[in-house]
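So that you can see what the record holds, here are the features copied from Swiss-Prot:
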- E88, D107, L109: Mg(2+) 1 binding site (BINDING)
- D107, D110, E271: Mg(2+) 2 binding site (BINDING)
- D110, G111, S112, S113, N199, K265: substrate binding site (BINDING)
Amino acid sequence: MDTLTRFLPEHLQQNQLPEALGGVLLSVVSACTEINAKVRLGALAGVLGMAGTGNIQGEDQKKLDVIANNIMIDTLKANPAVAGLASEEEDSFVSAGENGRYLVLFDPLDGSSNIDVNISVGTIFSILEKPEGALATESFLQTGRQQLAAGYVLYGPQTQLVFTFGHGVYMFTLNAENEFVLTKEKPKVPESTKEFAINMSNRRHWLPPVQQYIDELLAGETGTRGKNYNMRWVASMVAEIHRILMRGGVFMYPQDKRDPSKPGKLRLMYEANPMALILEQAGASASNARQDILGIRPESLHQRVAVIMGSSEEVDYLNRLHSK
């Protein structure tokens with residue numbers, strides 16, 4: 001089986017991609033391998049619990065949020081091809097190599113609310129080309145379609161790397177020698193599914209199309225949809241999307257009525273966009289109920305967005321309910 005270090009040069013060459021772009025991916029992987037070691041040790045390394053600080057989102061930070069963020073920043077800044085970074089845990093962008101060609105956006109530890117109870121978490125990343133001119137916030141405000149690469153690392157029972165350069169999705173598993181080994185090529189998400197993932201406790205806040213949709217799913221084979229559905233909810237986007245990539249399903253974090261200034265909970269630039277690219281490359285769909293995630297023109301670095309992702313039949317159906 002191919003290791004990442006053997007696979008990557010050939011993949012880059014076949015698809016006429018720059019070697020430096022592959023080098024940025026390897027820097028991300030190096031950082032994630034270090035993060036994985038911290039996650040695995042947990043309480044033994046004294047890294048669980050709260051950090052006593054908050055991020056730009058107004059969220060309390062866990063110790064591992066801060067540790068993972070610092071590892072990502074330090075590792076990526078050491079790569080001269082990286083011009084700048086943007087993180088969920090940083091108020092603004094971070095400058096890196098003066099002559100760098102690439103921008104990296106990331107959520108260093110997605111699902112960190114689960115870390116103290118030993119449920120899967122992960123790192124999500126997106127790679128963009130730096131536009132001409134001085135580095136500024138506007139340099140990062142590109143649509144998801146402009147991503148050069150996207151991926152995530154899932155820290156679960158197995159540690160797995162999933163990424164795409166826009167030429168299919170590839171999945172690698174970390175072995176005992178700390179090498180990522182290719183274990184799945186070009187997975188395809190089934191168009192239809194019987195699984196959905198949503199936080200049902202928010203039902204009273206949802207907009208009517210989402211309430212109708214979930215009611216139809218819960219009605220099962222005697223209802224409009226004519227089949228029984230199972231619900232899943234991990235509260236870790238990486239874990240939810242990985243399950244969909246492996247066996248299908250639909251994941252939703254929809255807009256609700258609580259705060260009109262926040263059209264969703266998840267962040268467009270370093271959560272929704274990379275996951276949308278991965279799923280689209282695997283034959284699935286991703287929208288905010290009004291348009292494709294990858295076509296949204298970002299207005300700010302930490303912009304939030306409603307998310308509906310997964311098996312295309314379900315995403316399309318929920319989009320149609322919103323258009324009525």
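Every residue, even glycine, has its Cβ placed from backbone N, Cα and C.
Projection of Swiss-Prot feature records onto the structure.
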| residue | record | Cβ within 10 Å |
| --- | --- | --- |
| E88 | Mg(2+) 1 binding site | 25 |
| D107 | Mg(2+) 1 binding site | 28 |
| L109 | Mg(2+) 1 binding site | 31 |
| D110 | Mg(2+) 2 binding site | 31 |
| G111 | substrate binding site | 21 |
| S112 | substrate binding site | 23 |
| S113 | substrate binding site | 16 |
| N199 | substrate binding site | 15 |
| K265 | substrate binding site | 19 |
| E271 | Mg(2+) 2 binding site | 27 |
Of S113, K265, E271, i.e. the binding-site residues, those within 10 Å of E88 (Mg(2+) 1 binding site) when Cα atoms are compared: E271
K265 (substrate binding site) versus D110 (Mg(2+) 2 binding site) - Cα distance in angstrom: 13
Cα-Cα distance maximum in Å, computed over every pair in D110, G111, S112, S113, N199, K265 that the record assigns to substrate: 16
Residue pair G111 (substrate binding site), E271 (Mg(2+) 2 binding site) - Cα distance, angstrom, rounded: 11
For L109 (Mg(2+) 1 binding site), the one of N199, K265, E271 that lies nearest, given that the binding-site residues are compared by Cα: E271
When distances run from the Cα of D107 (Mg(2+) 1 binding site) to each of the binding-site residues S113, N199, K265, E271, the nearest one: E271
Residues within 8 Å of the E88, D107, L109 Cβ centre (excluding the Mg(2+) 1 site residues themselves): D65, A68, N69, S87, E89, F106, P108, D110, S112, T123, I124, Y270, E271
